[in-house]
Each structure stands twice: as C-alpha cells, then as structure tokens.
Ligand code: NAP
C-alpha cells in the first residue's frame, strides 16, 4: 500500500478562504475580528512565528495588533497589557508567544487571558471546557490534526486511536478531541514500555513526541491513518517529523508530510478560533 499524502497546505488554504468569508461578513456588520499578538524578547524563532501569525491575520481580513516588548519587560507590565486587551471590544483573541523570559511566570500570564479570548486554548479553564465537552477554544495544533483526519473521510467512530505524547498543548488535548469523536483512545509516553505493541493495533496514530523515527513502518497497522506532529531535523539539517515517512507510507492509508502537514494547520486554526470568538462576541453585542 502507498499512503495517500494528506496535504496540510491545501486544507489550510480551503479553511482560510472560509475564515476570510466569515471575517468579511463580521466586518460588514461592524465587528471586524481582532487578534492581539504579544512578543516579549528577541528569540528569532518566536519572531518568525509571530510574523507569520500577523501576516495570516492580515491576509484573511482580521485586525491584528502586534505588541513587541524588550526582554526586560516586567511581569506586572505584561499582565496590565493583557488586562487592557481583555477589556478592549475590538480584540477577540489574545496570543502571547512562548517562551517568555525566565523572570515572567508564563502560567500566570496564560491564566490572565480572558477565557473567551483564549484562542490558543492553553489556559486551565479552556482545558477544563475541552474535558467537559463545553464550547471553548481547542488548542490549535490538535484541532488542526482533527481537521486533517476529517479530511481523509475516515470516520473516527469506534476506531482505535493511539496518541504518542502527553503534553498539555498537544498530546492530552488531542486525546480528548479523539475521545469526543467517539474513538477508543490510548495515550503513550516516555514511560510506555512497548510502544509498537500499542501502535500496531491503532487505526489512527498521532505522533507528538519531538524525536525523529519514533514511528516506523513495522509499528503501523496496514491501512492506518498517521498524523505526524513532530518537528525535528535530520542529519542533513532538513525538517522532518516523528514518523519515518518512507517506511510508514508503505503501510498506512493516509499520512501527513513534514513539512506541509500539521504545520500550516496550526496558524489556520488560530484564525478559525479568532473568527469564532468574534462571532460569539457579535452575537452577544447584537442581541
Ligand atoms: P513535549 O512537551 O516535549 O512532549 C513530548 C511528549 O513525547 C511527552 O509526553 C513525552 O513523554 C513523549 N515522549 C518522549 N519520548 C517518547 C518515547 N520514546 N516514546 C513515547 N513517548 C515519548 O512536546 P510537544 O510540545 O507536545 O511537541 C511534540 C512535537 O510536536 C515537537 O516536535 C514539537 O516541535 C512539535 N509541535 C509541532 C507543532 C506544529 O504546529 N506542527 C505544534 C506544536 C508542537 P513524557 O510526558 O513521559 O515525557
């Protein structure tokens, strides 16, 4: 079997076109969606991520407010800025780019963002909403993975899904979203003694580890859907995921590439969450 490659760029383009249409409709009603992006410090990778997020907003007709601060910014000043954005009706989503300088407590910062503007879905309240099946905001990367799985046409109902990784931002919310879609879910981690035992039984595997070649073809059930969240570098310095693409594509039915799979979906789902936040605010304002 040669796996069908799930094209994250194409799906992302399609979803962004929908975001653009929804944003235009809101703007026409006087409720242009607005995302505030905060960057503290000079981390070059963070600067690139933030630039991409701001550009994506502008391309889809969202208002973007970009606050760039020196690494010496105090925690109190950052919290005060978040409080102002929480109260600003033109802003529907607030994103603070991680990592923050060491003197700032990132947990405190995330919890300071109003839950109805937490479009990254990282706060404890957003995590609780996801766990309870309430309509909050889903963390963007696992939400994007769900869209990628959905795009294959394979129903998750009654399927066995194995998530490799249990981080608060990817693995755990991924498992909850799969559970919500009626899959039977197994979560593996660094303490799982025989990873292959679990993955070989899986109809769907989501790898979110951060170590290349974690999943190889001999660990995959024929016909499985495989989603590769990992971002790593190979010996030649090229981007690669957690999945050995060559061997897994011989066994899986569908597989995401790296780059061009999960990566483009993460920013797209941030836009989707922001438009959703703006639609909820507009409905309340117009009621
Ligand atoms: P993380 O916080 O480091 O979590 C990694 C998880 O993998 C942990 O739960 C760890 O288990 C588990 N793990 C480590 N070694 C393992 C092994 N040998 N077998 C099974 N599980 C193992 O990383 P993360 O933030 O979730 O991110 C995971 C990867 O996705 C990274 O490469 C990251 O760069 C990438 N990522 C990509 C996007 C995107 O947009 N494409 C977004 C976010 C993250 P323990 O809990 O036991 O330590």
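Each residue, glycine too, has its Cβ placed from N, Cα and C.
TrEMBL does not curate its annotations; it predicts them automatically.
Per TrEMBL, the features are as follows:
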DOMAIN    6-120  domain 'Tetrahydrofolate dehydrogenase/cyclohydrolase catalytic'
DOMAIN    139-281  domain 'Tetrahydrofolate dehydrogenase/cyclohydrolase NAD(P)-binding'
BINDING   165, 166, 167, 231  NADP(+) binding site
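A simple way to gauge crowding: the CB of residue 231 (NADP(+) binding site) has 15 other CB atoms within 10 angstroms, across all the protein chains here. The Cβ of residue 167 (NADP(+) binding site) lies under 8 Å from the Cβ of 208, each on the same chain and at least six residues away in sequence. Secondary structure by DSSP for the domain 'Tetrahydrofolate dehydrogenase/cyclohydrolase NAD(P)-binding' (139-281): 54 helix, 26 strand, 63 coil. Here the domain 'Tetrahydrofolate dehydrogenase/cyclohydrolase catalytic' (6-120) has, by DSSP, the following mix of helix, strand and coil residues: 60 helix, 18 strand, 37 coil. The average pLDDT for the domain 'Tetrahydrofolate dehydrogenase/cyclohydrolase catalytic' (6-120) in the predicted structure is 97.
Under 8 Å, Cβ to Cβ, and six or more positions away along its own chain, residue 166 (NADP(+) binding site) finds 172, 175, 187, 188, 189. Sequence-distant contacts of residue 165 (NADP(+) binding site), defined by Cβ-Cβ distance under 8 angstroms and a gap of at least six in the same chain, are 171, 174, 188, 189, 206, 207, 208, 209, 210, 229.
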